[in-house]
Amino acid sequence: MKLDKKDLLLYAITDRSWLNGMTMEEQLKEAITGGATIVQIREKNMNYSDFLEEAKSLYKICKSSNIPFIVNDNIDIAREINADGIHVGQEDMDAKDVRAIIGDKMILGVSASTVEEAIKAEKNGADYLGVGAVFSTSTKKDADSVSYEELKKICDAVSIPVVAIGGITYDNMDVLKDSGICGISVISAIFAQNDIRKATENLKNKSEKLFKYHKMPVALTIAGSDSSGGAGIQADIKTMTVHGVFAESAITALTAQNTTGVMSVFESSPEFLSEQLDSVFSDIYPNAVKIGMVSSCNLIHVISEKLREYNAKNIVVDPVMISTSGSRLIEEDAIKTLKEELFPLASVLTPNIPEAEVISGIEIKSTEDMIKASKIIGDNFKCAVLCKGGHSINDANDLLYSNGEFRWFYGKRIENNNTHGTGCTLSSAIASNLAKGKNLEMSVLEAKNYISGALSYMLDLGKGSGPMNHAFSVHGEYK
Ligand SMILES: Nc1ncnc2c1ncn2[C@@H]1O[C@H](COP(=O)(O)OP(=O)(O)OP(=O)(O)O)[C@@H](O)[C@H]1O
Ligand SMILES: Cc1ncc(CO)c(N)n1
Ligand SMILES: [Mg+2]
């Protein structure tokens with residue numbers, strides 16, 4: 001079962017200590033009728049066979065209402081009844097091991113109370129996080145407390161949905177509104193109430209009002225439009241979108257282009273580019289910026305001025321010079337301005353081999369030359385450099401030079417001539433990952449995996465070097 005963000009709006013966790021004359025089944029039915037959106041069975045002191053019986057019976061109730069049913073801690077029970085998911089805490093099994101046992105289909109929830117734990121859980125395959133205790137709680141006295149600021153940081157740092165937990169009541173939940181959570185998880189606010197149905201209804205109504213808005217990381221692309229959709233702005237927007245990042249754009253030029261070449265270029269005026277950048281930065285501030293085709297000096301002036309004015313972060317500069325099809329995309333004198341004004345602002349520069357030759361001034365014929373050129377460029381402009389090996393003969397290995405260190409990112413060369421827009425796509429994938437808060441190495445590693453996946457799809461469109469399938473991971477059913 002795939003978890004939807006909306007499923008986490010009101011997460012009910014069972015607790016026998018509040019049974020109060022009713023059976024667990026009766027209580028659960030009331031909570032579901034009241035509007036609980038997901039249910040977890042949590043039994044701390046029950047023998048296996050009783051736990052199993054109860055799990056079976058509660059699962060049946062959830063199933064008939066189409067509500068995801070999660071088992072706390074006990075992976076054997078979860079597997080035996082084929083529950084929708086399992087939830088583990090930091091003291092329980094490692095999330096990675098749990099994921100290995102349950103496979104891809106079962107939902108995995110992980111408890112976290114710090115940014116580090118949250119990031120690790122996401123990396124280990126968690127589908128959602130339970131973060132708390134956000135208030136002091138009577139149910140779990142040893143729980144670590146999580147401040148509002150930490151909760152917010154966690155929500156910003158991960159792309160999986162987060163549900164808050166710990167001491168949440170109808171009266172105190174309002175303060176969690178803008179933290180970025182998708183919903184709340186409660187025990188006593190439902191099961192310790194006299195009228196469980198009414199209490200759940202009230203929580204649900206308030207949750208719907210408080211948590212219906214969602215934030216997401218934002219990336220801006222400053223680049224040229226490719227009418228054929230495989231490179232430039234279009235590739236950037238597709239890439240950012242499938243990375244779960246909201247894409248904004250400032251267009252430097254329109255190109256009449258297809259897989260066989262660039263027929264003509266219509267450049268944006270510096271004034272108009274400036275207005276686009278003001279519009280973007282003054283409203284939806286991007287967490288990362290990717291810069292692609294910028295053909296003339298005046299446009300470069302505008303970009304560097306605006307990036308400094310708005311203190312832009314995580315700037316990926318793809319020094320686009322010549323398209324895959326061989327057309328020149330930058331004026332000769334603009335290369336000098338690019339070096340002087342944009343490169344020093346970059347967090348990372350992503351030249352291909354011919355571009356690295358122009359920028360470094362040395363010929364690149366071997367991996368040693370790639371190392372030399374990257375060092376010259378990085379030391380000169382005080383930024384990280386990813387020298388892409390797409391143009392080398394035998395492999396597709398990219399070299400990252402950052403903070404004085406080298407790291408190779410190995411890629412098997414895929415026998416696919418349809419490589420239109422690989423550079424644009426890679427730099428946008430890096431920017432997307434940076435926007436999500438990942439570090440540079442991780443951002444490059446994941447971007448490299450993404451581009452290999454997009455190329456491996458073997459999309460074949462157009463008469464020349466065609467585009468890739470940017471959405472290969474989303475539209476698996478068309479494979
Ligand atoms: N045939 C291939 N198989 C595997 N990976 C490839 C292949 N071609 C390119 N890549 C990878 O794609 C990424 C983009 O590199 P490339 O050198 O093609 O950039 P580029 O020349 O700037 O692209 P563009 O033509 O869009 O400007 C790099 O990670 C590179 O290793
Ligand atoms: C608009 C645009 N930007 C970048 C490239 C580089 O591939 C391209 N072909 N077109
Ligand atoms: Mg390129």
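Easy rule for this one: first residue shown is 1, then count along the chain.
Cβ coordinates are placed from backbone N, Cα and C, and glycine is handled just like the others.
Keep in mind that TrEMBL annotations are predicted by a computer and have not been checked by a curator.
Summarising the annotation, TrEMBL assigns 4-amino-2-methyl-5-(diphosphooxymethyl)pyrimidine binding site to Gln40, Ile41, Arg42, Glu43, Lys44, Asn72, Ser111, Lys140. According to TrEMBL, the feature Mg(2+) binding site maps to Asp73, Asp92. Sequence annotations record features per position, and here TrEMBL assigns domain 'Thiamine phosphate synthase/TenI' to 10-190. TrEMBL lists 226-469 with the feature domain 'Pyridoxamine kinase/Phosphomethylpyrimidine kinase'.
Sequence features, as recorded in TrEMBL, placed on the structure.
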| residue | record | DSSP (3 states) |
| --- | --- | --- |
| Gln40 | 4-amino-2-methyl-5-(diphosphooxymethyl)pyrimidine binding site | strand |
| Asn72 | 4-amino-2-methyl-5-(diphosphooxymethyl)pyrimidine binding site | strand |
| Asp92 | Mg(2+) binding site | coil |
| Ser111 | 4-amino-2-methyl-5-(diphosphooxymethyl)pyrimidine binding site | strand |
Long-range same-chain neighbours of Ser111 (4-amino-2-methyl-5-(diphosphooxymethyl)pyrimidine binding site), Cβ under 8 Å, sequence gap at least 6?
His87, Val88, Gly89, Gln90, Leu129, Gly130, Val131, Gly132, Ile165
Per residue, counting other C-beta atoms within 10 angstroms of the C-beta, which of the binding-site residues Arg42, Lys44 reaches the highest number?
Arg42
Have a look around Glu43 (4-amino-2-methyl-5-(diphosphooxymethyl)pyrimidine binding site) and count the other CB atoms within 10 A of its CB, chains all included.
19
On average, what pLDDT score does this prediction assign to the domain 'Pyridoxamine kinase/Phosphomethylpyrimidine kinase' (226-469)?
94
Measuring Cα to Cα, how many Å separate Ile41 (4-amino-2-methyl-5-(diphosphooxymethyl)pyrimidine binding site) from Asp73 (Mg(2+) binding site)?
9
Would you mind reading off the Cα separation of Gln40 (4-amino-2-methyl-5-(diphosphooxymethyl)pyrimidine binding site) from Asp92 (Mg(2+) binding site), to the nearest angstrom?
16
Hey, how far is Asp73 (Mg(2+) binding site) from Glu43 (4-amino-2-methyl-5-(diphosphooxymethyl)pyrimidine binding site), Cα to Cα, in Å?
9
Cα of Asp92 (Mg(2+) binding site) to Cα of Arg42 (4-amino-2-methyl-5-(diphosphooxymethyl)pyrimidine binding site): how many Å, rounded?
13
Are there any residues in the same chain, six or more apart in sequence, whose C-beta is under 8 angstroms from the C-beta of Asn72 (4-amino-2-methyl-5-(diphosphooxymethyl)pyrimidine binding site), and if so which?
Ile13, Gln40, Ile41, Arg42, Glu43, Ile86, His87
